[in-house]
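J.: I'd like to ask you about the structure that follows.
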Amino acid sequence: QDCAQKYVVKNYFYYYLFRFSAALGEEVFYITFLPFIYWNIDHSVSRRMVIIWSIVMYIGQVSKDILKWPRPLSPPVVKLERRVDAEFGMPSTHAMAATAVSFSFLIATMNQYKYPFELGLMGAFVFSTLVCLSRLYTGMHTVLDVIGGALISAVLLVLFYPMWDIIDHLLLTSPFCPLLSIAVPLVLCYNYPKLEYYRPTRADTTTILGAGAGATVGFWLNNQYATPAYTRENFQLGFPLIGTILTVALARFFVGICIILLTRQLMKNVVLGMLRYRYKFPIGDLEARRRLEVEVPYKFITYSSVGFSATVIVPLLHQLLGLI
């Protein structure tokens, strides 16, 4: 039987290092890092990362609820994250996401940018390793959970890499892209594996697929209607202009994050208000918000709006403000 445990921190370096590393596998990281890549580095790199991230996370979340392997018992471990304790353990989606994001970034950039491959490989390895170790330190996963997650991501990267260019081309040019980008994730969310007791994996999965769907529709619109593009030539200027480039990048990021946070809060209020009106439940009714007919549209519409805003609305605002 799991129970909350008090603990004493004896090594603050490891404590803060692994708490920070754990955050690199959560929403706060992806809602900042993936848009930053899109706004400041390269559209094609961002597209590939968003697609592989969505696929890997969906497979990981579904695998958890099919396998139903429990998390480590507490005691003996001390769990530092009670928020996700209700989820199952195998595989570690933190490990899956960190492996997929770091190595897909390496693969997508190694032929487009001039940097030492060994340095990029080391960076991807360090990033994914820190996130994986954080799951052990925080008591949320076993070694097998973490290894399983990393291996699944590695296999998926190997399988999808030969099809990257084909998938990317179809997402940009197919007239069916907007419809399929919305319909397929929605079908997957509504047909998520049913569990005996409520667990937050369906909500998290819907959030991820919604963000990916909105971003994909944005990618397609950008290609069709030539929404402002951020070309990597901006980052190949002479050394004296590095300060200017950094300032512009930070300005883009600040403006973009503000718009994303405003979009998320606005859509949460609007969509939840409409669902409350439709299904007649009070504001504080948590059980009602966990029902399939409420949770899926609430999460999907909110985060698809965030993905769309990041790829379409923010670039237009950047252009209006002279940041492109």
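Cβ coordinates are placed from backbone N, Cα and C, and glycine is handled just like the others.
In TrEMBL, annotation is done automatically, which means it is predicted and not curated.
So TrEMBL lists the following for this protein:
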TRANSMEM  12-38  transmembrane segment
DOMAIN    46-161  domain 'Phosphatidic acid phosphatase type 2/haloperoxidase'
TRANSMEM  50-67  transmembrane segment
TRANSMEM  88-107  transmembrane segment
TRANSMEM  119-137  transmembrane segment
TRANSMEM  144-164  transmembrane segment
TRANSMEM  170-191  transmembrane segment
TRANSMEM  203-221  transmembrane segment
TRANSMEM  241-262  transmembrane segment
TRANSMEM  300-321  transmembrane segment
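Each of the listed features needs to be described in terms of its position in the shown structure.
T.: Here the transmembrane segment (12-38) has long-range neighbours at 45-46, 49-50, 53, 80-81, 93-95, 97-98, 101, 105, 127, 130-131, 133-135, 137-138, 207, 211, 230, 253, 256-257, 260, 306, 310-311, 314, meaning same-chain residues at least 6 beyond its ends whose C-beta is under 8 angstroms from one of its own.
Cβ atoms under 8 Å from those of the transmembrane segment (50-67) belong to residues 30, 34, 87-93, 96-97, 100-101, 104, 149, 152-153, 156-157, 160, 167-168, 171, 185, 188, 192-193, 195, 199, 201-202, 204-205, 208-209, 211-212, 215-216, 307 of the same chain, restricted to positions at least 6 beyond its ends.
Residues 22, 24-26, 30, 33, 37, 45, 48-49, 52-53, 56-57, 59-61, 63-65, 67-72, 120-121, 123-125, 127-128, 130-132, 134-135, 140-142, 144-150, 152-154, 156-157, 161, 199, 201 of the same chain sit 6 or more residues outside the transmembrane segment (88-107) yet have a Cβ under 8 Å from a Cβ within it.
If you look at the transmembrane segment (119-137), the same-chain residues 6 or more away from its ends with a CB under 8 A from one of its CBs are 14, 17-19, 21-22, 24-25, 80, 92, 94-95, 97-99, 102-103, 105-106, 109-110, 143, 145-146, 149-150.
Here the transmembrane segment (170-191) has Cβ contacts under 8 Å with residues 47, 51, 54, 58, 202, 205-206, 209-210, 212-213, 216-217, 219-221, 223, 292, 296, 299-300, 304 of the same chain, all six or more residues outside its ends.
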J.: To the transmembrane segment (203-221), which of 144-164, 241-262, 300-321 is linked by the most Cβ pairs under 8 Å?
T.: 300-321
J.: Restricting attention to the domain 'Phosphatidic acid phosphatase type 2/haloperoxidase' (46-161), give the mean pLDDT.
T.: 86
